[in-house]
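Reading through the structure tokens given below for one structure.
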Amino acid sequence: LCPFVLQLQVSVALREGQIRPTELCHRCLSQIEETKFLNAYITVTEEAAFKQAEESEERFKRGKPLGPLDGVPVAVKDNFSTAGIETTCASKMLQGYIPPFTATVVQKLLDQGAVLMGKTNLDEFAMGSGSIDSIFGPVRNPWGYSKQYRGESSRREDPGWLIAGGSSGGSAAAVASLTCFASLGSDTGGSTRNPAALCGIVGLKPTYGLLSRHGLIPLVNSMDVPGILTRSVDDAATVLGVLAGHDPKDSTTVQDHIESFELPDEIAVQNLCVGIPKEYHAPGLSSETLAAWTRAADLFENAGAKVVQVSLPHTQYSIVCYHVLCCTEVASNMARFDGLEFGHRSKMESSTEAMYAATRHEGFNDVVRGRILSGNYFLLKQNYERYFLKAQKVRHLIANDFLKAFSSGVDFLLAPTTLSDAAPYLEFTKEDNRTRSAQEDIFTQSANMAGLPAVTIPLTLSTRGLPISLQFIGRGFQEQKLLSVAKWLEKVVKFPLIELEATAGNLQDAPKHKTFTSAL
């Protein structure tokens with residue numbers, strides 16, 4: 001796909017006739033086939049994609065493209081509803097389910113002429129931080145098959161393939177492996193930023209209410225946000241400009257008019273104040289991530305910005321608070337999957353109650369069932385005040401911590417996204433989903449509880465040749481300022497492009513994608 005690596009580059013190339021939408025679509029489908037060992041896609045919409053590319057090509061011939069995304073290949077996490085295309089949430093519960101409508105953010109992409117390559121893999125119902133708990137198998141990190149990593153690993157024992165992060169691991173792997181130019185994920189506690197960080201790309205979690213959640217199969221209604229994954233900050237800003245705004249189908253979306261998010265080429269950071277949360281020096285933070293964090297702070301200081309330490313005192317309680325609130329809303333949201341109206345239905349016919357219980361036991365994996373049980377426990381009459389109400393009060397205190405930091409004059413916070421670079425699958429699975437989620441969400445979930453925007457960008461490569469990323473957390477609805485700062489750092493550090501090595505050995509156990517022929 002080189003030299004058209006970035007969405008901006010391919011958009012210009014399409015307008016200037018350097019490449020045709022159908023040719024670009026074909027190249028991306030070929031790349032999906034060549035990298036299928038990553039298991040990034042659950043469904044590849046080959047026929048629909050070609051039809052959309054042909055329609056885009058006709059518009060370009062008439063000189064009337066719909067916008068900057070016309071003809072640009074994109075992918076969508078498989079927990080966004082897509083009319084005519086199976087939407088599974090990577091769960092047996094929804095296998096075979098074809099929605100009658102399309103999620104608002106997906107429809108906005110299609111209305112701009114974007115070409116949908118397919119639906120991407122994830123942890124079942126987006127519950128996880130590794131994208132390893134899908135009924136379609138785990139997602140593999142493209143960087144585990146890069147020249148950068150393979151060159152370093154040749155000097156030591158091969159630890160096996162690497163996780164892509166989660167729960168939007170398929171969307172991150174799809175962008176990182178050059179099969180599309182942008183993808184949609186969802187971010188409830190870091191599910192966009194975590195895989196973006198481990199896969200060396202940009203991951204944006206917008207302010208709660210800036211993007212519509214209509215058609216996003218809910219995990220935690222009060223925290224879920226559609227996320228954007230791209231290979232550059234400018235690309236993320238372009239997609240955000242297309243998706244942002246009020247949706248009458250989602251009462252939580254912002255009512256105000258949204259301006260475009262076009263970022264300036266020259267960005268001054270001299271008058272900015274960068275906050276470094278002291279509580280984010282968490283146990284388990286790798287020395288390399290800490291060094292990258294320190295380096296980024298020094299870059300801002302050397303450029304004239306003011307760098308100060310700030311305190312978010314309730315951070316130590318945030319992960320526990322998050323899991324209580326997450327489980328309670330999961331228990332409520334998962335109640336709709338009863339085997340009566342859609343999705344999996346057990347063959348148990350002795351009674352409605354028996355069928356209902358058997359359906360949920362067969363349809364959900366252990367992780368989902370565990371969160372449902374925990375959530376119902378927290379919501380019991382005798383536990384409601386002790387757990388749920390107390391967690392809501394702590395959530396308010398966490399949000400106030402951010403408000404105090406920003407009201408002190410800090411423009412944005414600079415923090416790690418993950419504790420370290422991507423872990424090998426065998427190491428990652430030594431601990432259970434709950435333990436791993438608590439570790440991997442430590443830096444990310446507080447922004448969701450406060451409803452604030454956050455963006456992660458890759459900064460450097462570790463000694464293993466893997467991405468190390470940092471995140472910026474900003475004030476609510478200040479995405480343009482946040483992305484401008486991220487773009488400045490992106491230009492300064494010049495993170496390298498992945499150099500993939502596809503080998504016959506990689507393809508031996510590659511899964512077969514489902515192919516849907518119907519168009520949206």
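Glycine is treated like the rest: Cβ placed from N, Cα and C.
Summarising the annotation, TrEMBL assigns domain 'Amidase' to 24-483.
Feature annotation from TrEMBL assigns active site, charge relay system to Lys77 (among others).
Residues annotated as active site, charge relay system in TrEMBL: Ser167 (among others).
If you look up TrEMBL, you'll see Ser191 marked as active site, acyl-ester intermediate. Note on Ser191 (active site, acyl-ester intermediate): other Cβ atoms within 10 Å of its Cβ, all shown chains, come to 38.
Ser167 (active site, charge relay system) sits 9 Å from Lys77 (active site, charge relay system), taking the CA atoms of both as reference points. Cβ neighbour counts within 10 Å, taken over all protein chains shown, single out Ser167 as the most crowded of the active-site residues Lys77, Ser167. Recorded residues Ser191 (active site, acyl-ester intermediate) and Lys77 (active site, charge relay system) have their alpha carbons 11 Å apart, per Cα-Cα distance. Each residue in the domain 'Amidase' (24-483) has a pLDDT score, and their mean in this model is 96.
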